[in-house]
Amino acid sequence: MDLGKVITAMVTPIHPEKDKVCKKRIHHLVNHLIANGSDGLVVAGTTGESPTLSHDEKIKLFRQVIETNAGRAKLIAGTGSNNTAETIAFTKEVAELGGIDAVLVVAPYYNKPNQDGLYAHFVAVAEASDLPVVIYNIPGRSVVNIEPETIIRLAKLPNIVGVKESSGNLDNISKIIAETPEDFLVYSGDDSLTLPILAVGGDGVISVASHVVGKEMQEMIQAFARGEVQKAASIHRSLLPIMNGLFAVPNPAPTKYLLNQQGISVGPVRLPLVDLNAEQGTKLQAILEGLSK
């Protein structure tokens, strides 16, 4: 399955006065991302502030992204939760919308399941889903790490097509790549590890930085694919400051700040997250401006 190389984990545009998901801003953002290097979009993921979106808001968001996208980019819907039955029901509902290519299912958080529980959770979701499933391993948020052996077992299921790996452990990621089928997709969940993961056989990145440096991310990946390793490495090094800067305070506040500054209105973050203060914004803007020097 081809979901692309640069997949943007899209922020959710919120109307600043009404505190509602905003159709006009979604339309503008989706077009911006597709025009600037995104092969695909993850909708209602971590960067999309999924914990503070209601069920109805997520459905509205999916519908509006599907409408604007019109089949141009691959669409991956975030449907995971720490409730297996709820994840299954929501995934089925999303499949009925049409226009979604896959679902991203996060490791159950807070409950702290063991590896057997994690395996059973993903098997249950995959067997009930009409859409391909991408596993999302993010132990920094979910507390539990999906061990390589568990992902390797899950990769044998026909409906589990890939993993977004945000563990930051290259040894584990290398093991997953080595011991899963050739067509099992392994995406970096960390912008700064995109090139290292490509180097050990990964497929691309589910990116935050691509909101503002999407063309550069795409250029880096394409250079590596052509065998221009030094060029790819040079681009990687040049992008590291902004990749790190976008996580200097909790995501997605920095990304929303830069988009708003660039005239791509996406509104504020929702509590309990807070927007950047003036000093933080000035520092981040300086990092971005430094890329062109």
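Cβ coordinates are placed from backbone N, Cα and C, and glycine is handled just like the others.
As annotated by Swiss-Prot, site 'Part of a proton relay during catalysis' applies to T46 (among others), with the evidence given as sequence analysis. Sequence-distant contacts of T46 (site 'Part of a proton relay during catalysis'), defined as residues of its own chain at least six apart whose C-beta falls under 8 angstroms from its C-beta, comprise A9, G78, V106, I138, R141, N251.
Sequence-distant neighbours of I206 (pyruvate binding site) (same chain, six or more apart, CB under 8 Å from its CB) are I7, T8, A9, V42, G45, L104, K164, Y187, S188, G189, listed in sequence order. In this structure, I206 (pyruvate binding site) is part of a beta strand by DSSP. Here Swiss-Prot flags T47, I206 as pyruvate binding site, drawing on sequence analysis.
Summarising the annotation, Swiss-Prot assigns site 'Part of a proton relay during catalysis' to Y110 (among others). Counted within 10 Å of its Cβ, the other Cβ atoms near Y110 (site 'Part of a proton relay during catalysis') come to 9, all protein chains included. Secondary structure at Y110 (site 'Part of a proton relay during catalysis'), as computed by DSSP, is coil.
In the three-state DSSP assignment, the secondary structure recorded for Y136 (active site, proton donor/acceptor) is strand. The active site, proton donor/acceptor annotation in Swiss-Prot covers Y136.
Residues or ranges marked as active site, schiff-base intermediate with substrate by Swiss-Prot on the basis of sequence analysis: K164. For K164 (active site, schiff-base intermediate with substrate), other Cβ atoms within 10 Å of its Cβ number 26.
Across the structure, T47 (pyruvate binding site) and Y136 (active site, proton donor/acceptor) place their CA atoms 13 angstrom apart.
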